[in-house]
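Everything below concerns the one structure shown next.
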Amino acid sequence: MNYTDQTLTSFEHTFIGVYLIVSGILATFLNLVGLVVYWRFPRLLCTPSAIPEIALLLADLATTGLNPFSGAAALQNRWIWDDHAGCQLYAFFGFVFGDFQVLCIPFLAFDRYIITAENSALRKYRTRKIYSKLLLLLIAYSLFWSVTPLLGWASYAKTAPGIVCTLNWMKVDVSFVSYLTAKFIASFMASLVISMIFYRKAIRLVHKNRAREIHWCRKKSIRFVSFGCMFSTYLSFAIYATVCMWAIIAGPQTIPRIANALPAVWVKLAGIFNPIFFVYYNPRLWACTKKMFGLNYDSEQMHRDKTEERIWMDSPRNTARSIRTSHDPVDTAHVVLHPADNE
């Protein structure tokens, strides 16, 4: 099989182009709604947990911003942007935001374990100052793995279908193998293991009835939400790892032509699933979202913990709006009552 055998048909190009544009619109809407909810209810939501949550929504939004470029290329059956600078920039930003998506998952798992644990010694680290420093560290880590291919450790190039520019798995040499191995272990596997450890600890605390009252999911669905939060991102990026490993083991010429396009298509699902699992399965965020749209919501989720640090530095205008949001009389027509409310 040669490289020309790996090009897609006109129908396949059109299908992928339409998919990338439609999925980009959906992901943009979901992530923007999540960000607006934080802006609309700052005094309720803007605890230290908001730092990794908002960072993930922004990373999803930034990654989605690349969809029009790859979507237009797919519809034109070829890469229509500059073959050198345009290709390298697309791949660089795709890796920066993609790596940051992956790194946000263990950050959130760490935060959620602290929230769940009743007497965690780690609670002292859940502050705006420490979380901000950790966020900057993760950004720097993402930049490191994204810049090095521009400097000669592996490389970026167009994929055979000409839809996206990404890591050049068609050039399997010592540089590519060493980069991929190091990145797979130090970035992908490390973050996956850390996430699994913290989510597993949180699940065990809930099942043993040793957990605090948590707001990031309902206790009865903690297992489903925990796995969803991990694999909404890791499963998407695992396709990249699979194709790259295939190139190393069997040679790039043996990769089926559709498999060359699959990573670019599959990875976009993270931008759709992340806001679903991290926002809409979060009872407090979901209640705020429903209230914002004037729908029935659970009033119990609208009570904030006054012991938690607030990270939002309100201006007088925002303060007035936040106070109204937090203390407006409850509209009984839009509240879902619990049985305990009638006792």
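Each residue, glycine too, has its Cβ placed from N, Cα and C.
Just so you know, TrEMBL annotations never went through curation; they're auto-generated.
Annotated domain 'G-protein coupled receptors family 1 profile' per TrEMBL: 30-278, in sequence order.
The transmembrane segment annotation in TrEMBL covers 16-38 (among others). Sequence-distant contacts of the transmembrane segment (16-38) (same chain, at least 6 residues past either end, Cβ-Cβ under 8 Å): 8, 45-46, 50, 53-54, 57-58, 60-61, 64-65, 67-68, 70-75, 161, 163, 261, 264-265, 268-269, 271-272, 274-276, 278-279, 285, 288-289, 292.
Taken from TrEMBL, the feature transmembrane segment covers 50-69 (among others). Taking Cβ pairs closer than 8 Å, the transmembrane segment (50-69) reaches residues 20-21, 23-24, 27-28, 31-32, 34-35, 38, 81, 90, 93-94, 97-98, 100-101, 104-105, 107-108, 111, 128, 131-132, 135, 138, 268, 270-271, 274-275, 278-279, 311 in its own chain, all 6 or more past its ends.
Summarising the annotation, TrEMBL assigns transmembrane segment to 89-110 (among others). Within the same chain, residues 52-53, 55-56, 59-60, 62-63, 66, 69-70, 81, 122, 134-135, 138-139, 141-143, 145-147, 149-150, 156-157, 164-167, 187-188, 191-192, 194-195, 197-199, 202, 229-230, 233-234, 237, 267, 270, 274, 278 sit at least 6 positions outside the transmembrane segment (89-110) and bring their C-beta atoms closer than 8 Å to a C-beta of that stretch.
Residues annotated as transmembrane segment in TrEMBL: 131-156 (among others).
With a cut-off of 8 Å between Cβ atoms, the residues of this chain six or more beyond the transmembrane segment (176-200) that come close are 99, 102-103, 105-106, 109-110, 112-113, 141, 145, 148-149, 153-155, 167-169, 226-227, 229-230, 234, 237, 241, 244-245, 248. Sequence annotations record features per position, and here TrEMBL assigns transmembrane segment to 176-200 (among others).
Here TrEMBL flags 221-249 (among others) as transmembrane segment.
The transmembrane segment feature in TrEMBL is assigned to 261-281 (among others).
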